[in-house]
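K.L.:
Per TrEMBL, the features are:
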DOMAIN    4-175  domain 'N-acetyltransferase'
BINDING   Ile83, Ala84, Val85, Arg91, Arg92, Gly93, Ile94, Phe95, Thr96, Ser119, Glu120  acetyl-CoA binding site
ACT_SITE  Tyr124  active site, proton donor
ACT_SITE  Phe402  active site, proton acceptor
Amino acid sequence: MADAEVRVLAQSDHRAGQDLARAAHHTSPISDREWAYAQDLHEPGLALGAFLGGDLVGTTFLLRSRLALPGGSTVPMAAATGIAVRADRTRRGIFTRLERESLDLAVAQGFPVVGSRVSEATIYGRFGHGVGSTTRAVRLYPHEARLRPEVPAGGEVRLVDGETSVGLLPRLYERLGPYRPGVIERSAGWWKAKWEPLVHSGKGAVVAVHSGPDGDDGFAVYQAMRGGDSGARVTLMVTDFHAANPEAVAGLWRFLLGVDLVEEVCARRRPADELVEGMLVDWRACRTHSVNDDLWLRLVDVPKALGARSYRDGDPFVLEITDDLLPANSGSLRIGPDGVERTSDRPQLSLNVDALAMAYLGGTSFTTLASIGLLRVTDTKALPNADRVFGTDRAAFCGTTF
Ligand SMILES: CC(C)(COP(=O)(O)OP(=O)(O)OC[C@H]1O[C@@H](n2cnc3c(N)ncnc32)[C@H](O)[C@@H]1OP(=O)(O)O)[C@@H](O)C(=O)NCCC(=O)NCCS
């Protein structure tokens, strides 16, 4: 069979590309109504199609975003989505072609980092992607989950109706800014495609906004689900929760746990270091349901990506990176509090670019990478030092689907 031809998708083909991706994820084609919301999400020039004999058989879409980094700066990130190959043309290398081209496209378009949320964890490592952040899914039963009196208080929570939220949430989310490594920018197209349809669907998404002394500083979105035999009581499914400071986090949890007629509160995506059980009188009233990979990262321009974040005090160390797919990234870098520079000095630590993605936001330490065979240590003194230099105050967390 002839090789697939991969090229930038004409904007007129974006809808067909979306339909192909939806079919591969077992979802029906996009309706005219849904397309009216979604069509602005995808910019011209950032979608790739694979063609066989003139037929579209595979897609990858890149969305323009920015990624929050340790130190509070951000770096341009291409959010990869709509990754799919038509079911009758899989396992013959079409995704591999698309993936190579999309990494090149990201570099050419000036994105040092590509982010994705993946359906299968076994596909992406070989292309240099690694888990940049993790999330925790938690379940709390309000009748036993009381907050301790020392937990920060003082702000106010108010409910906002759907139409108001369409204007308010994008402004509030932008105001929160890069409040944690891993948080990503949401474009106007993202809000239109991902939030407005839910507001107008009548599915009862409720928006709670927290305000502190400086105004609005956090929000939680939830939907009530009625179970089998819980009578009038419901499960609150928290689907989107971002808050910039401890008062807002605590205030929103206090509110969620105080809503009447609720059997349980479930939040699928919370930062790994958000110690909800520590806020409670009964530590065991918060149960961890699962810990999951959150944002996967592919550093496509390693010097730029590493140069964009800040580093803690410590001795500079020499890190050797291997990138078989994008060889311009291979080589040694000296990394320290003053920045990142190429060097020909002997490496002290060596890893592949997928393992580097795991360390990039401080999510996985170099000591942990070494302990699971993902880092080669030539100079043992460099290991604790590298951990110190890459260390962060807050666990990386994305919490945005795309
Ligand atoms: C995942 C998908 C894009 C792969 O496309 P494809 O054209 O079959 O992939 P390739 O033929 O290029 O395979 C690349 C490698 O990944 C492996 N691979 C592909 N799909 C895989 C899967 N679902 N699970 C595990 N490994 C997979 C292949 O075996 C191959 O490995 P090899 O080189 O060692 O043989 C395609 O199967 C698909 O659209 N699936 C449904 C939608 C989906 O899951 N998309 C990904 C969203 S993040």
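Every residue, even glycine, has its Cβ placed from backbone N, Cα and C.
What TrEMBL says about a protein is an automatic prediction, not a curated fact.
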K.L.:
Calculate the per-residue pLDDT averaged over the domain 'N-acetyltransferase' (4-175) and state the result as an integer.
P.N.:
97
K.L.:
Measuring Cα to Cα, tell me the gap between Thr96 (acetyl-CoA binding site) and Phe402 (active site, proton acceptor) in whole angstrom.
P.N.:
21
K.L.:
As a check: which entries in Ile83, Tyr124, Phe402, the recorded positions, place their Cβ less than 6 Å from an atom of ligand 1?
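P.N.:
The qualifying recorded positions are Ile83.
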K.L.:
Pick the one among the recorded positions Arg92, Tyr124 whose Cβ has the fewest other Cβ atoms within 10 Å in this structure.
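P.N.:
Among the recorded positions Arg92, Tyr124, the sparsest Cβ neighbourhood within 10 Å belongs to Arg92.
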K.L.:
At the Cα level, what's the spacing in Å between Ile94 (acetyl-CoA binding site) and the residue listed as 'active site, proton acceptor', rounded?
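P.N.:
About 22 Å separate the Cα atoms of these two residues.
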K.L.:
Can you count the other CB atoms that lie within 10 A of the CB of Ile83 (acetyl-CoA binding site)?
P.N.:
23
K.L.:
For Val85 (acetyl-CoA binding site) and the residue listed as 'active site, proton donor', what Cα-Cα distance in Å is obtained after rounding to a whole number?
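P.N.:
A Cα-Cα distance of 15 Å.
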K.L.:
Out of Ile83, Arg92, Glu120, Tyr124, which of these recorded positions is nearest Phe402 (active site, proton acceptor) by C-alpha distance?
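P.N.:
That would be Ile83, the closest of Ile83, Arg92, Glu120, Tyr124 to Phe402 (active site, proton acceptor).
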K.L.:
Distance check, please: Cα of Tyr124 (active site, proton donor) against Cα of Ile83 (acetyl-CoA binding site), rounded to an integer number of angstrom.
P.N.:
12
K.L.:
Let me make sure I understand the span of the acetyl-CoA site: among Ile83, Ala84, Val85, Arg91, Arg92, Gly93, Ile94, Phe95, Thr96, Ser119, Glu120, what is the greatest distance between any two Cα atoms, in Å?
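P.N.:
For the residues that bind acetyl-CoA, the greatest Cα distance is 19 Å.
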K.L.:
DSSP secondary structure for Val85 (acetyl-CoA binding site), reduced to helix/strand/coil, please.
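P.N.:
In the DSSP reduction, Val85 (acetyl-CoA binding site) maps to strand.
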K.L.:
Ranking the binding-site residues Val85, Ile94 by other Cβ atoms within 10 Å, which is at the bottom?
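P.N.:
Each of the binding-site residues Val85, Ile94 was scored; lowest Cβ tally within 10 Å is Ile94.
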